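Only one structure is covered here, and it is reproduced in the block below.
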Amino acid sequence: MTDYSKATDGTKVIHDDPWLEPYKEVIKRRHNQVKNTIQKLEESEGSLLKFSQGYEYFGFNVTKDGVNYREWLPSAHEVYLVGDFNQWNKTSHPLERDNYGRWSIFIPNNSNGECAIPHGSKIKIYLKLANGNFDYRIPAWIKRVEQTKENPVFDGVFWNPSKQYVFKNKSPMKPTELRIYEAHVGMSSELPEISTYSKFKDTVLPMVKELGYNCIQLMAVMEHAYYASFGYQVTNFFAISSRFGTPEELKEMIDKAHEMGLLVFLDVVHSHASKNVLDGLNQLDGTDHHYFHSGGRGNHELWDSRLFNYGNWEVMRFLLSNLRFYVDEYHFDGFRFDGVTSMIYTHHGLSPACSYDDYFGGAVDEDALNYLTLANVMLHTLNPSIVTIAEEVTGLATLCRPFSEGGGDFDYRLAMGIPDKWIELVKEKKDEDWNMGTIAHMLSNRRYKEKNIAYAESHDQSLVGDKTLAFWLMDKEMYTNMSVTTEETPIIDRGMSLHKMIRLITSSLGGDGYLNFMGNEFGHPEWVDFPREGNNNSLHHARRRWDLYRNPLLRYKQLRDFDIAMNKAEQEFRWLSSDFAYISLKHEDDKIIVFERASLIFIFNFHPSKSFSDYRIGSGVPGKFINVLDSDRKEFGGHVRIGKDNYHYTEDKPWHDRKYSLLIYIPSRTCLVLKKVD
């Protein structure tokens, strides 16, 4: 039998999973493709890290003598730089072409030493396309674009402020337990408006800190022409969204987050790009195969977007440099890679692909997998503390194992099956039909040594056509029965109870990190719907109702206080970085789940009506236990049926394959956490 424990050819992952052995040649081939690419980069570009600094060569780069502008446009016949600086003269500033399809121009300073292109002025390229026609385009590496109300097509903007923001704070140390707050700057205001980086800095960051999260994951930062795309139809990859403010204001916001001890992750979209031609990458040089695959392979029919050719040298440079740019320029601490499933399969995840034959079969786009691994290796070489998260739904084996062992080098994957299962349960199943084994399995089923970020709901579950978990649970009664001055109705009682239980069991059993979408911590009602023609361009559902939790007469504050207590308990006991939980009980009739993790005992009673006194549960260790958190406390909207200060003593009586056991009272629809104190 082969010993893979010391393998250096990419097959070390087989040591922990013998089921991978039949696919060892595929694993080796993929590993070698990455190694060979890195070697080629070292020979032709200096190194992978130097290759990722493309933004220092391409695009606009200001020197003491003037401005260099370079662009890769292999099929263009003529290229001219035009803008306010030359009164939009179409021929006064021609670019020169080299043998690799790279065009360049140097614009010297004015005679007085000032930059010839004024800061904030509009700028574009005018080029003779592959078909011989002339047209305007936005430079691919542009760092600023802006729209007007009259014209939704972006204009390029030359960004060169006299005073650039200087960071004052270093990034915090990477925590061993990630508690992620997913946020969208534009919809972070409680007013029906598009919010800003500055307002987010002043209002949302303090809330995130108070809630006990240690990381913010920012959506929709990369520029996108269509606001209602939620930021997932990117037009300009090096430009941050101008709707929310300036690059300097985003830097100040991130710097403030770092001062507060918060990491900041970017939701990066490299899985596809907007089809926009006039202000996007599409047909930049007049061809459909410039940055993308040609023909049908270059189009995502469901998303109506373009698909990158990850095997192209300059596409790799562009995307790797894009990641490096956000680290170097904006000090982002990590990335959530959007749409990884779509990237790594030629069917884009639209066909079932959840077996080893699928993971190592012919439907995998190995160029895309090669790019993703290179991206992770580059980022982790640049700074080992950078965190990378894959939005990947099929559970592709080895994706989150180190590259040195044969993996894709991601730090985490999103546990995307968990929120789908919760929504399925609350939508389709009666409480009496909830299966405890199914719940325990969906939360604990993850690959060995591949970390998961668990979540009960993210932005995906809140989009129009769906609704938040709280709204599924309580629906229209949230409009009329959330007041603490009126008697709690059965629907509100059930919804409040299950909302707390679902979040705690997801955090404590579901993974190695935890994520929450902004506002859902207090049971945000309704759904998210960005302004569009179908809703008369309304911002009513593209905001966060922070006023609901601030109102002491409403029950939202109780849900929020439970979330704070849950995060505080996690920070103290660190269950997210602890070993897998030991599940000692999944009782279908009693609707009870019991498990141990981080030296704590977690007890959940999902039964809609039955409470149990002197209920025996197992424990792996003997001693005296006390309640450190329960969902039935008054401050959390509970019924105060569980004593906070009562001690529970184990007995030398084996129970459910545990050496010891203890008796507890478990009211219906409650959860509690016991800590050993002696």
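Numbering starts at 1 and runs along the chain as displayed.
In case you wondered, yes, glycine gets a Cβ from its N, Cα and C as well.
According to Swiss-Prot, the (1,4-alpha-D-glucosyl)n binding site annotation covers Trp88, Lys124. Taken from Swiss-Prot, the feature active site, nucleophile covers Asp338. If you look up Swiss-Prot, you'll see Glu391 marked as active site, proton donor, on the strength of similarity to another entry. According to Swiss-Prot, the feature site 'Transition state stabilizer' maps to Asp460, an assignment based on similarity to another entry.
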Could you check which of these recorded positions, Trp88, Lys124, Glu391, Asp460, sit within 10 Å of the residue listed as 'active site, nucleophile', going Cα to Cα?
Glu391
Tell me the Cα distance separating Glu391 (active site, proton donor) from Asp460 (site 'Transition state stabilizer'), rounded to the nearest angstrom.
12
Does anything in the same chain, at least 6 positions from Lys124 ((1,4-alpha-D-glucosyl)n binding site), have a Cβ under 8 Å from its Cβ, and if so what?
Val82, Gly83, Tyr136, Arg137, Ile138, Pro139, Asp155, Gly156
Can you see whether DSSP assigns Asp460 (site 'Transition state stabilizer') to helix, strand or coil?
helix
In three-state terms from DSSP, label the residue listed as 'active site, nucleophile' for me.
coil
Round to the nearest Å and give the CA-to-CA distance linking Trp88 ((1,4-alpha-D-glucosyl)n binding site) with the residue listed as 'active site, proton donor'.
43
